[in-house]
Structure formats: C-alpha cells, structure tokens
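Everything below concerns the one structure shown next.
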Amino acid sequence: MAAEEQPLLGRDRGSGQVHSGATADQELCIDQAVVFIEDAIKYRSIYHRMDAGSLWLYRWYYSNVCQRVLGFIIFLILILAFVEVPSSFTKTADVRYRSQPWQPPCGLTETIEAFCLLAFLVDLSVKGYLVGQAQLQQNLWLLAYFMVLVVSVVDWIVSLSLACEEPLRMRRLLRPFFLLQNSSMMKKTLKCIRWSLPEMASVGLLLAIHLCLFTIIGMLLFTIGEKDEAQDQERLAYFRNLPEALTSLLVLLTTSNNPDVMIPAYTQNRAFALFFIVFTLIGSLFLMNLLTAIIYNQFRGYLMKSLQTSLFRRRLGARAAYEVLASRAGPAGTTPELVGVNPETFLPVLQKTQLNKTHKQAIMQKVQSYEGRPMLADEFQKLFDEVDKGVAKERPLKPQYQSPFLQTAQFIFSHHYFDYLGNLVALGNLLSICVFLVLDSDLLPGERDDFVLGILDYIFILYYLLELLFKVFALGLPGYLSYHSNVFDGLLTIILLVSEICTLAVYRLPHSGWKPEQYGPLSLWDMTRLMNTLIVFRFLRIIPNIKPMAEVANTILGLIPNLRAFGGILVVAYYVFAMIGINLFRGVIVPPGNSSLVPDNNSAVCGSFEQLGYWPNNFDDFAAALITLWNVMVVNNWQVILEAYKRYAGPWSMVYFVLWWLVSSVIWINLFLALLLENFLHRWDPQGHKQLLVGTKQMSVELMFRDILEEPKEEELMEKLHKHPHLHLCR
C-alpha cells in the first residue's frame, strides 16, 4: 500500500511512533492476507470491512464453533415443529388408535423460538456490519433475511397476545429460509432451479397438452351408449366426467394405476389397449424422460455458471492476498510488479490461516521450492491448488519384533490373504444363518432347538475375536485403528462378544434340546436375532475387496457431501408443504364411526383409502404430514390418497397434491439424477479416475467441474479488487 494511503504509518510522528505504526501496519496486512486466503479457500466474497477490529469479528463469526452454534440454532427452530401444537408425540399416526398427544403449555416453545430469533437478529447484525451499508442495500438475501425476521417477530407477538390460540402461524412457513440463507451452495442450487424453470415449463406445457388431448379422446372413446350403460365399466370407473378422466390419466402418467385403468376397457375389447399403450409411450417414456434430459442439461449449464462465480471468488481472494503482501515485500524503490511475495513474508500468514495441517505442509514444501526468491502472481495462485488435492493418509509403523517366529506371524496376519480368509468365514457365517432361517421359518420360538445355532455363534464370534487380536498384534493398535474397515469390524466384534457374554451369563452353555427362552429376563431368540443382524452387517467388509463394488461404494460415499445442498432444498420443500398441509387438511381424515361419510373397512370399496387402512396418511401433526408427503412423492398408490382427500376435503385438494408431485417427483428427483449422473460420469472418466488414485476420495461440486471452468483473466481480477469498498491498493 502507498504510504499516503496508510494512516497507521503515522508519517508526522516521532521515530518510535513511526516504528510502532509500521509494526501495526504489518500486523494488519498479515491479518488481511489471512482473511483473504480463508475467503478464497471457502469460496466466500471478499467484499467486507478490512480494519483490525472487523477482521477479528469476521474470523470469529466464521470460526467452526460459531458456525456450528448457528447451525444448531437453525436445527432447533426447525425441530420445534414436532413439539408445537399439533404435537407429534404419539405412538401412532393412525386416527383410529391415536391417543391424545401431549401439548406444550403456551410460552414454552415460544420462549425457545424467541431465543432463536434473537440469535438470528445478532447474525444479521454482524453480517450487515461486516459487509457495510452499501453492500447491505444491494444484497437481496440479507434484505430478505431482515424482512423474514420482522414478520416472524410480529407473528410471535400476535401468538402471545392471543394466548397461542391463533388459527395460523405465518412464521412457521418462513423458518426454512434460515436454512437457505446459511448455505451458499443451497442458494446456488435454488438460483439454478429458478433459471431452469422456463425450460421445465415448456416440457410441462407439452405434458399438459398431451394429457388434455388424450383425456378428450378417452371421453369420446368410452362414451356410454343407450344399450351398454351397465357394461361400460371403464366410463363409470375412470371416465365418468372430465376432471376424473384427467386425474386418471395423470396418475397413469406415473404408472401408479397401471394396468387398473386399462383392464375394464381391455376386458370389453382388446383394441382399447392401444389407447393406453400409446398414452404411456408418449407421456411416461418420451416426454417424462425428455424432461429429465432437459433438466439435466439446463441445470448442468446454470450450475457451472454458479461454480464459475465460485472459482472467480477463489482466484480473487488469492489475488487480494498477493496484492496485500506484495505491496510491502520489496526494498525501497522497487515496484510491486517486479517483487512478488517473499516466502519469509508468507510464512506468518500461512501459520495463522485456518487450514488442514497436511495442506499447510504441502503448501510450505511448494514455497520452499522457490528457494527464497519472490513468488509471482501466477505462482502464488497455484499454491492454493494444494487445498483441492487429496490427503494421502500415512499409516503408523508396524511393531518391530526380534523373534523370527513373531516376524513370520506378523507377516501372515498383516497380509491381505488373511483378510480374504476373514471374508470367507463371514460368508460361511452368513450362509449358516440363512440355513437356519429356512429350517426354522415354520416353527415357533418355543419349538426350535437352538443348540446348533448357539454353538455356531460361539465359534464364529471366537474367530472374530482372534482375528481382531491377531491384527492388533501384526499392525499395532494405532495401525489397526488407521483402517476404517478394521474399526468397523472391531466395533461389531466387541458388541457381539458382549452380547454372547450376556447370553452365557443368563442361559448358560447350550445343550441338545435347549429351551432357554423359558428362563431369565431376556428372550434368547431376540438376542440371537440381534447378533445375527450384526453379523449380516459385518459381511459388508467384503465390499473393499471387490474392485467394481468398491468403486461404486466410493462414488456413493463421495456423493454424500455434495447432496447437502440438494437435501437442504428437499428439507425446505417438505417443511413448507407439510405446514401448508397441516393448515389445510388437519382433522379432515376422521376415524370410522365418527362420521356417516366414513365407511368401516368391511363396507369400504376394495382398493380404497379405508379398505387399505391408509388412516396414518394424514396431516394432523408435523411427523404424519412428512410421511404422507413421502408416500405421495414415491407415487406408489398415490391415487388412493388423492381420491380420499378429494372426498373428505373437496376437489381443490388435488391442486395441493399435484403441486407436491411436480416439486418432489418431477423437479427434485430429476435434479438429483443430474448430480448423480455427473458424479458417476466424472468418477468413471479415465482422467477423473487418475485424480482419485492421487487420494481425492470425496470431491466437491466445485472441484468436479474445475477442468471445465474458465480461469478468470488478470484484468478482471484487478478491476474487481480496485472496486473493493474497504481496501485501497497502490495499483
């Protein structure tokens, strides 16, 4: 920075004051560089205050502790929906058997909610102060944050003034916003969905035209004649009027009521099958898959645009750190363009940066390779590519044994063939369980002879214990625990051993004709089922030893971190629709006997809501609403739920369920498929596979598209830096 732009230098003070000002200025530059690097690593914007106090507040706000506390507060306010009226604290959601739930007293959940809202107000205040008033007025997310808080506080005051008896709480619908605004990736995903809506709407219009045309054709085909009214079951069942015909074909589009809707017409004339086959081919196999392809293509394009912004933020943050350090790196009279960043200058910055220890060491090794000469801008940028590389985990050294016998045993028990033997034993254990499940399938617990099964359990668990001890002997305890598969096996082995010891203490040793289920406080059959279930899980150890299966498993595990944003969007959709459903349909489903409109199971029509016992599918509380929405999203038999709510609540209820089907099954599922396809294509690509071999097991979305994104130009970076409202550079 130029001397005239740095008030901390204090040119008019005495020599001691000048030295003190220069030291303070150096500390400020280091802190600024640290924050810029952390912003770059986390893909955060650098447009925030840069004075010493603000930098301390900024780093405190984005510390792990502070962010985890904020995440817990968001979780707490969302989870209140299970406790608030209507409470979900009942054993069953079935309206026929559900007891009166515990209802919290007025003021209990409201107090917790007030604490959460106060925390969000502090969060907004800190964010607003750090970005400054000018940036705050341009940030739509922060302005929306303020409006949501205002509405929530006003609605909270109304609740208390009405003694918690208000019919509608608007703030419940707004709670998912707190989850959205706290995740940059969720914001990007939401923006991509908004940008992709026009293309989705075009295919949706084609689907609507397709539905309408075939509905009209179906109404004309299955018209009731004067003589065949009694025989025309198709018209009476599915094409009675235009709305019902449209609903029947909409459900058929999801193949949920296939072939039920076709059978009556097909029974009369086999030629009618062509109508339903052509409808399904065009709608389900062509237009729906075309919608998937369009969503994948459009979403991928807009997602890359958002990720291009993330890459620009990383490069801009790194370049800002370079400019801050390079502007004071050289001796008097030299220009920053010719100087760069000295390694000695960069060392204290790296030490203060919140970064993985392994990544710090990798960056330091790269810095040392410059042998003390200043780093130029491109070289400085490439330092932080080490952050994206996989961390090669170093295994602890094996124990050193002097005895040749012990060395041989160590070699045997640490060899991968010993793992193969363990897999064969686990397979044999699993097969023995299957044999006894088949033999004892028709016998009651009191009629079974558990002698052989009990002996086999002891033998297999004894082997698992010996395997654990032999591996600890060969690898050492730190080496054994350094493998995730060993931790998984060891934990299950300890649980199995404890279970067997408890069984032995209660039931003693097994013998022929053993009937221990008659003794003791425990059920031996339940204990045996628990142990066998754990053994089945232990068989999963075979996955890493089968390469294709291991690749698929690693791909799935690597996909999990990238699904946080998509899972968050689904949580928001579920939350909002569940709250709307509670306000619309709470108390609509009533048990038999309480209304003349509700038939019991014996008199209900076959395949109806009542006959199938779908009573738990209701919106009487938040948990029940979530499960009902899940059942509709899966679309298996969802026409039963649609028809029931149409009878109990009215025909307008169809709009709610169709909208939920569009949001969950059509839009979100296709977005999930887009990310899943991209992840698998990248993982199975030869170049991507080479990157995985380096050690990158879990790849972020930003890194997944890194080879496709365009690197920002020097002029663009400098132009953005000069527009920084709180940072003044000398060039």
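In case you wondered, yes, glycine gets a Cβ from its N, Cα and C as well.
Those TrEMBL annotations? Automatic predictions, nothing curated.
In the predicted structure, the domain 'Ion transport' (71-299) carries a mean pLDDT of 86. Residues annotated as domain 'Ion transport' in TrEMBL: 71-299 (among others).
TrEMBL lists 416-680 (among others) with the feature domain 'Ion transport'.
Per TrEMBL, transmembrane segment is recorded for 69-89 (among others).
Residues annotated as transmembrane segment in TrEMBL: 142-163 (among others).
Sequence-distant contacts of the transmembrane segment (203-224), counting only residues of its own chain at least 6 positions beyond either end whose CB sits under 8 Å from a CB of the stretch, comprise 232, 234-236, 239, 242, 245-246, 249-250, 253, 265, 272, 275, 279, 282-283, 287-288, 290-291, 294, 662. Residues annotated as transmembrane segment in TrEMBL: 203-224 (among others).
Under the heading transmembrane segment, TrEMBL lists 273-296 (among others).
For 420-439 (among others), the entry in TrEMBL reads transmembrane segment.
Per TrEMBL, transmembrane segment is recorded for 451-475 (among others).
Residues annotated as transmembrane segment in TrEMBL: 487-507 (among others).
If you look up TrEMBL, you'll see 527-544 (among others) marked as transmembrane segment.
Annotation source TrEMBL lists transmembrane segment at 565-585 (among others).
Under the heading transmembrane segment, TrEMBL lists 622-642 (among others). Remote same-chain residues near the transmembrane segment (622-642) are listed as 81-82, 84, 86, 88, 93, 247-248, 251, 254, 256-257, 574, 577-579, 581-582, 607-609, 612, 614, 616, 653-654, 657, 660-661, 664-665 (criterion: CB distance under 8 Å, separation of at least six residues from the stretch ends).
Annotated transmembrane segment per TrEMBL: 654-677 (among others), in sequence order.
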